[in-house]
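Database features, via TrEMBL:
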type     : residues                                                                                                      : note
BINDING  : Asn8, Glu380                                                                                                  : Mg(2+) binding site
BINDING  : Lys15, His204, Leu205, Gly206, Asn207, Gly208, Asp278, Phe279, Arg280, Gly326, Val327, Gly328, Glu329, Asn330 : ATP binding site
BINDING  : Arg89                                                                                                         : substrate binding site
ACT_SITE : Asp146                                                                                                        : active site, proton donor/acceptor
SITE     : His178                                                                                                        : site 'Transition state stabilizer'
SITE     : Arg237                                                                                                        : site 'Transition state stabilizer'
Amino acid sequence: MSNVLVINAGSSSLKYQLVDPESGDAAAKGLIERVGTSGGHLKHESGKQVDERDIDVPDHTAAVAAMREAIERGGITLGPDTVAAVGHRIVHGGRNFTEPTLIDERVESEIERVSVLAPLHNPAGLAGIRSAREAFPDLPHVAVFDTAFFADLPAPAATYAIDRTVTREHAIRRYGFHGTSHEYVSAQVARFLGRDDLRQVVLHLGNGASASAVLAGRPVETSMGLTPLEGLVMGTRSGDIDPGIPLHLSRVAGLDVDGIDDLLNRRSGIYGLSGHRDFRDLVSAKDGGDDDARLAFEVYVHRLVKYVGAYAAVLGGIDALTFAAGVGENSAPLRAAVLERLGFLGLTLDPHRNEERSGQARRVDSGEGLPAVLVVPTNEEWAIARHAVETART
Ligand code: AMP
């Protein structure tokens, strides 16, 4: 069975994984950082072997070449005999990309056109596509969009109450992000519980964080909107705020668009509240008596409780609440703090199950029936790999 090469290109990074789409096993994976600046760095892992060194990566083309060299050094030649497809993670699909799409010139141009909706993310994804298509012209390349799972969000959930002539002209609606993860995790939960009619709330809590409400496999609400800034409190992003705040700050503090962008995307969230962007550091500081860290933790938890309650209302009840991604999978104290306030929905938490560490999907509540509380390790690379082979085949 051929592998799929999954590429996630950021503005100054390139993350990659060579994944078996059947099993999800990664034959090789790596991260190239500081692309386009001085002091580039590669960390490549293949089995137990780690190759880590400083490299010169002036652009994404150089990063793709470095990735290829690192993988081929490990004995896997990348070509049609070994790679079934290249899957590219693209953040914003806009209105038109509602499913994984085989990439050609026209698709590249359309992704470029959509960049206006995701100026921080899509240009990097496109640079990754262009470099990889140049390096591997004989392989099918597939774009997998973070927004796609939410393309059919019901209109009342997707619509902002703003003058309709403006929203129509500028394609302003709630798109949702982390869709690949919400789709994968909610499907895992359905399989785990053996039911496909569930009312699910999924919390993807990583550096970026989002919630979704999923009814019988289809999303009916999600916390991110036009951009990945709306919703939950995140590592450095504010999530929901009064839309009047940027207006007020531009009037009283003279902040321009870039200043507001920087404030809300990079100097807010738990970092803005406490100085800690890593959730482990936040919990340690809180436990050490730091008041700012305690407040940041409480604001983070409060927002989660509010969303779960709201989504239970949207779904008409809740059968499963699931924690995923870096914070969700690993922070037992966070799960405990959230569940402490959700007993009214019938949700419970078993303190021992909550503390157990495992790389597997598992229940952490104290019951056997529904509603259930779960921890499910997300695996966006595997989900992208599966979408890529399916799309390449058709
Ligand atoms: P992700 O974006 O899914 O890779 O998640 C990254 C975030 O997960 C980091 O910023 C950490 O704050 C958080 N994280 C990772 N490991 C742990 C842990 N053991 N406890 C709490 N948070 C963690």
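The backbone N, Cα and C atoms fix where each Cβ goes, and this holds for glycine too.
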For Leu205 (ATP binding site), just count the other CB atoms lying within 10 A of its CB, please.
27
Of the recorded positions Asn8, Arg89, Asp146, Arg237, which one has its Cα closest to the Cα of His178 (site 'Transition state stabilizer')?
Asp146
So the record assigns Lys15, His204, Leu205, Gly206, Asn207, Gly208, Asp278, Phe279, Arg280, Gly326, Val327, Gly328, Glu329, Asn330 to ATP. If I measure every Cα pair among those residues, what is the longest distance in angstrom, as a whole number?
23
Most Cβ neighbours within 10 Å: which of the recorded sites His178, Arg237 is it?
His178
Where the C-beta lies under 6 angstroms from ligand 1, the matching binding-site residues among Asn8, Lys15, Glu380:
none
Between the binding-site residues Lys15, Arg89, Arg280, where is the Cβ count within 10 Å the lowest?
Arg280
In whole Å, note down how far the CA of Arg237 (site 'Transition state stabilizer') lies from the CA of Leu205 (ATP binding site).
12
Quick check for you: of the binding-site residues Arg89, Arg280, Val327, which have their Cα within 10 Å of the Cα of Glu380 (Mg(2+) binding site)?
Arg89
Nearest by CA distance to the residue listed as 'substrate binding site': which of the binding-site residues is it, out of Asn8, Lys15, Glu329?
Asn8
Going by a 10 angstroms cut-off between Cβ atoms, which of the binding-site residues Asn8, Asn207 has the sparsest surroundings?
Asn207
Based on Cα distances to Arg237 (site 'Transition state stabilizer'), point out the closest of the binding-site residues Asn8, Lys15, Arg280, Val327, Glu329.
Val327
